[in-house]
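First up is the structure itself, then whatever we jot down about it.
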């Protein structure tokens, strides 16, 4: 057996063709293939055309197809190659469970003439499931008084595979107390028992832990494991014993939950807790455990789930009886399921043709149906008929197959479609029936032209429309169906104002929506007239035409245009009003037009601005400008009126016109007043800007000058303060070789000088040189800080001898000396002197010596302490001696 199954797995794609049956006047054959489960989609099963002796052309002309009924379509027929391939993954366990051999059947139907070929596919098992225990642990309570040879039935493993791939044997881990024995149930399943070969001793070994391994025979081999936990109990001499080894019972399908099936009974010779028995179901498949249950105390086996005869026709299970000491006994229960008529017939559509042309002859096949009933016996016998009175009839071709044909000629114009109801009724008590309605449409030939819903289509569109905007939709109907009623809309070729109509409008061929191709201008075109054709899709096509009129509606898209007075850019036009003009005098008339139409062209005139609004008015409708009072001599000659012209559109558009009016009696007066009138607008527009700009510039310049003047004043004031509070001589400085002798700011003459400064004790030497010069510079280091020049030594003797008079002379000549001096003036702050407080006074005075030089001639300067009232006399002669004089009286001594 194992060798045979292995060969079938190895040559899974090899075809076994068996001719089973040919009957009736029609061809009916049966073939059989064997394939392994889990084959990939598209895998080859067999060459049906070759095995059935059919030509590929016959398969195509007969519209060969597979009929599976309610089953999944696991296979697919390739009519172009004549082969049968896998269409869907096939799981043998899901398809057949533990039933072997596993197979499924279907039919291949051909038409004209009809042929029925029965195909059976046997699915071979592969080892894709390991043995599995329902529990991860088995708990056993075994008395220590259990006799050697005592048997303990173990939970069996379940392997969904069959044959060699199914469960083969059990293996128990090595131990000293138990050995494993295997048994086979009548249904072929295997279970194991542990047999005690060495008596247990609870005091020595209170518990044992073993493993039971279930192994299948597949390649590769798969296995499952369960832990056996044994608790050793005290002595229990007698095991429970069933009064029957096999119990048999029947149960009707769809029995209510809780319905009692059979009661099992076991007795135990022990007393007390050791004689208390509990019942349980063991070694049962998972599907049975969900359908049946047993009362642990009474042993009543009852229904716990829905029982279906079509799924399970018989149940076989084992009942265990266990006492409190852990001893058990088991008995088999066989339950037969009784069928009831609980399944209505099912109608499966094998083939149905719709639509059918109205000229089809009577007897035309429009459908093939398959009717099945899952019940057995009379409950599965089915009768088929058509419910209502319709021009169709049903004929039985083969067992469970029926053909639906036409009975009379069909007329689509009378009835365009039919609802055909087929009723299938079984022979059960009470009978069950099923209805299936087929919707059949009748097609016709193209004998009707499209018809428009209107004779003429009119539409309106506002001018200045966006290109592509939808204008209107034309609709036509065709009483035909399908392609014959598919209407296409076509724009007929014609000219509109010298150009093709396609440049103005377009029509959607499917929807009939007419779009504007361009923007329309009412002022250029006011009406579009063209023709649209509706054509169906029949062969030959039929068509009809309709006229479409598009009326262009005016929009207020043009502002009024002023014709008079003419607005010129360079010249000036003015209306002259004499000063003698009366009230209502017609000055002029504003003439304007609007190219729009209707109320968009209705114009109104308003006076927007005027030099004197109390003098003129404008007619609202006619645009006439008239005086509203008597003109006087006080009225200005130049009168400027701004008139706005508005149309009546929504929104309104306007234009502005300026009317120049001269109130004068003579032309020269008008001419003199209007000379610069043309520049008023530009002047008025820019006047404010220039005034603001000029004001900003003048303000900026004024503030800048003010800041500069204040800064100069502050600087000069600080300089005067420095000279006023300083106790040291102040020597203005000019660049070498230059001096301002005339007080004009221009440096004249060239001199060479050398100055030496030092921070030595109390003397400094300065040497100055100039050819022929016999001048003496007298410096007063007092608070006045004056400085004078004496022409030579003799000039001092010529002056009065009084020191006061000498000082007056010195002070009188001070300005002259400074004015005419040819010596450089060097302002200088001695070292360690600075104006730290910015007050103009030098602080922190020390003795110093300064030396400066620019040539070979030397000059020596000697200075005294700060704070003394001394005069400095400088002699630029050959000796070049300069000394400090203690006071004015010492001058006489020096002289």
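Cβ from N, Cα, C; glycine included.
Because TrEMBL annotations are produced automatically, they should be read as predictions rather than curated entries.
Annotated features in TrEMBL:
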- 34-133: domain 'Cadherin' (DOMAIN)
- 134-242: domain 'Cadherin' (DOMAIN)
- 243-347: domain 'Cadherin' (DOMAIN)
- 348-452: domain 'Cadherin' (DOMAIN)
- 453-562: domain 'Cadherin' (DOMAIN)
- 577-674: domain 'Cadherin' (DOMAIN)
- 1-29: signal peptide (SIGNAL)
- 687-712: transmembrane segment (TRANSMEM)
Using a Cβ-Cβ cut-off of under 8 Å, list the residues of the same chain that are 6+ residues beyond the ends of the transmembrane segment (687-712) and lie near it.
none
Just to confirm my parser: what is the rounded mean pLDDT across the domain 'Cadherin' (453-562)?
90
Take the C-beta pairs under 8 A between the domain 'Cadherin' (348-452) and each of 34-133, 134-242, 577-674. Which stretch has the highest count?
34-133
Composition by DSSP (helix, strand, coil) of residues within the domain 'Cadherin' (243-347):
8 helix, 49 strand, 48 coil
